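Notes follow once the structure below has been shown.
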Amino acid sequence: MLLVLVLIGLNMRPLLTSVGPLLPQLRQASGMSFSVAALLTALPVVTMGGLALAGSWLHQHVSERRSVAISLLLIAVGALMRELYPQSALLLSSALLGGVGIGIIQAVMPSVIKRRFQQRTPLVMGLWSAALMGGGGLGAAITPWLVQHSETWYQTLAWWALPAVVALFAWWWQSAREVASSHKTTTTPVRVVFTPRAWTLGVYFGLINGGYASLIAWLPAFYIEIGASAQYSGSLLALMTLGQAAGALLMPAMARHQDRRKLLMLALVLQLVGFCGFIWLPMQLPVLWAMVCGLGLGGAFPLCLLLALDHSVQPAIAGKLVAFMQGIGFIIAGLAPWFSGVLRSISGNYLMDWAFHALCVVGLMIITLRFAPVRFPQLWVKEA
């Protein structure tokens, strides 16, 4: 099952990261503005948020097996749509379709991991997160290489349908051997929407992932603009996601206590160093800034999921909180690339964007101090 989880995780980001290295060509071919081009990343991320908010309904009405299978099919179809000549409506439709598939899977998987790997939740959550980040790195690194070996540059984006199909068959075979899905499990109902902590977690998760979403949308374009090649710029994004994968594996493994604040603070400091490097010394040590920023972003992602799961020992309740956190968070994160595009149009460069995210990280450090685990059991409002 772990191998299948990794295969599925590898398909969660290439639809987003494969676009970045080709964004200048896509803009030129389709006539998109910076703000519209940003929607290629923003739209699927916002869609992830909407589907995460619907996670509770999906959990009750659609079997785990079918929801993941349908989602992988949607990701494959979304990638295949990019086989055609790039037009704004077509590209945005493919982003929306893929975002639906990604959103459903991300709403389902945390509670699946907590239920099936209860004694190893931090390690498996780290592995799942590392697979997400690793898939993003593959999308950024392999796409420019495929362009060099393809007669039609834009059709290389459609190749990312293949791993989704492989994961679909692997999941369908493996899930047939598993016991009945958890959507039939009953627990004490809890209204997470009415708790201030749930909203705090949502904003926290959103601001962290907003930095990631802006980087995968604009980091290659930023370096192309200041003189780097498309191949080199895509490689920097791949190195950032390699750092993310390392952070996603290492930091949850270091989380031996329920208090996640020290590790979260470390992850945020690394992000701040990376964004400051992009602002002041972008061409001097680009590999270092990309790796350090990725390490912080990758470590923060699974730690946020663990932080939410820590709030209840019941997988269904914890899963409901994670779904709400991801829902609000991904909607916020999805606005970040669009806002970055607006800042780019206003200022003429990307420095305002990196400065904005650096300020967000400082705010996140202050919020982190509030996550004392001793208060977790007191934070819920039960339904009558």
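Glycine too: its Cβ is placed from the backbone N, Cα and C atoms.
Taken straight from Swiss-Prot:
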TRANSMEM  3-23  transmembrane segment
TRANSMEM  34-54  transmembrane segment
TRANSMEM  68-88  transmembrane segment
TRANSMEM  89-109  transmembrane segment
TRANSMEM  122-142  transmembrane segment
TRANSMEM  153-173  transmembrane segment
TRANSMEM  204-224  transmembrane segment
TRANSMEM  235-255  transmembrane segment
TRANSMEM  263-283  transmembrane segment
TRANSMEM  287-307  transmembrane segment
TRANSMEM  322-342  transmembrane segment
TRANSMEM  354-374  transmembrane segment
Task: Listed stretch, out of 3-23, 34-54, 89-109, 263-283, 287-307, that has the most CB pairs under 8 angstroms to the transmembrane segment (122-142) - done: 3-23
TODO: Look over the recorded stretches 34-54, 68-88, 89-109, 204-224, 322-342 and say which has the most C-beta pairs under 8 A to the transmembrane segment (287-307).
DONE: 204-224
Open item on the list: Test of understanding: applying the rule of at least three C-beta pairs under 8 Å (pairs 6 or more apart in sequence), is the transmembrane segment (204-224) touching the transmembrane segment (263-283)?
Closed with: yes
Open item on the list: As a test: from 68-88, 204-224, 354-374, pick the stretch that has the greatest number of Cβ pairs under 8 Å with the transmembrane segment (3-23).
Closed with: 204-224
